[in-house]
């Protein structure tokens, strides 16, 4: 039964496509230059000095694709652009995308979209961090609209039912959501985000009882003390694999060591707890394949292709 269920869920991840996106879209379109190899080179250079770029690019791609689709709208500058929305103020990796774009423009002007660079660079970063190698479909074009009030991203305390509704509005199932949350394997948050969970859970004046007792004590004592002025970083995965793409995030959740309120609910809600448990255990070896396919599916959300949008000359402004 478990094998049959795994097969069905695997199909939900892999049986999807966008007619105008294709693997190898840029083959032969940039002279003798290999577009994807160029992107990979710059990502590898950054990764060598800063492994946090993996989390940065995963978040950048997610925040782009979830708002207006995967059209690089998050890269646009402006007083009321998506960059200015509160959830996007801590997103990073813009400079790397701009660097790659400049290199590709010098090789073949007006050919490679910023939207495709985000998706390909994210793939390359996850592979460098231990993820599975996979092909990305390209052929996206860049959007021309970026407005802060259109940013509707799931907050860290969103309920599982509300999150499922939001993901389904993007064509992503509840299982897609659980697999995509696996990106938290290299993610971080800050003490300010989880303060209520640590010290005033649901207005009780105490800690969230769903977190493992000794782990709660450790976070309160050494990571997020109550009365301090600094806002420490809190890792969402086990310290032994902070910069590795693996299924340890799910193991953390099953052990009662989820950090974000949503993480904790993901492990307990009937809609998602079964998937979390399987990904932490029996399906752990399949996670890397599932995660790569979930990124492919995320990268297809509301894309612009053909003559839609434009190919920006620089990623932070429209032509």
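Using N, Cα and C of the backbone, Cβ positions are placed for all residues, glycine too.
Residues annotated as signal peptide in TrEMBL: 1-19.
Per TrEMBL, the feature disulfide bond maps to 30-108 (among others).
Neighbour count (other Cβ atoms within 10 Å of the Cβ, all protein chains): 23 for residue 59 (site 'Transition state stabilizer'). Under the heading site 'Transition state stabilizer', TrEMBL lists 59.
TrEMBL lists 63 with the feature active site, proton acceptor.
Residues annotated as Ca(2+) 1 binding site in TrEMBL: 64, 67, 69, 71, 73, 82. Listed in sequence order, 143, 301, 302, 303, 304 are the same-chain residues six or more apart from residue 69 (Ca(2+) 1 binding site) with CB atoms under 8 A from its CB.
For residue 70 (disulfide bond), the same-chain residues 6+ apart in sequence whose C-beta sits under 8 angstroms from its C-beta are 61, 64, 115, 118, 119, 140, 298, 299, 300, 301, 302, 303. Marked as disulfide bond by TrEMBL: 65-70 (among others).
Note: residue 114 (disulfide bond) has non-local neighbours 72, 75, 97, 101, 142, 312, 315, i.e. same-chain residues 6+ apart with C-beta under 8 A of its own C-beta. If you look up TrEMBL, you'll see 114-315 (among others) marked as disulfide bond.
The annotation substrate binding site is assigned in TrEMBL to 154. For residue 154 (substrate binding site), the Cβ neighbour count at a 10 Å cut-off comes to 17, with all displayed protein chains included.
For residue 184 (heme b binding site), the same-chain residues 6+ apart in sequence whose C-beta sits under 8 angstroms from its C-beta are 236, 237, 249, 260, 263. Annotation source TrEMBL lists heme b binding site at 184.
In this view, residue 246 (Ca(2+) 2 binding site) is surrounded by 21 other Cβ atoms within 10 Å of its Cβ, with every protein chain counted. Annotation source TrEMBL lists Ca(2+) 2 binding site at 185, 238, 246.
In this view, residue 191 (disulfide bond) is surrounded by 19 other Cβ atoms within 10 Å of its Cβ, with every protein chain counted. Look at TrEMBL and you will find 191-224 (among others) tagged as disulfide bond.
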Between the disulfide-bonded residues 65, 108, where is the Cβ count within 10 Å the lowest? 108
Taking all protein chains shown into account, the Cβ-based neighbour count within 10 Å for residue 63 (active site, proton acceptor) is 19
Cβ-centroid neighbours of Ca(2+) 1 site 64, 67, 69, 71, 73, 82, 8 Å, sequence order: 63, 65, 66, 68, 70, 72, 74, 143, 146
When the Cα-Cα distance from residue 63 (active site, proton acceptor) is computed for each of the recorded positions 154, 185, 191, 246, which gives the smallest value? 154
As a whole number of Å, the Cα atom of residue 246 (Ca(2+) 2 binding site) is distant from the Cα atom of residue 59 (site 'Transition state stabilizer') by 17
If we check Cα distances from residue 154 (substrate binding site), which of the recorded positions 30, 67, 71, 224 wins as closest? 67
Residue from 65, 73, 82 whose C-alpha is spatially nearest that of residue 59 (site 'Transition state stabilizer'), among the recorded positions: 65
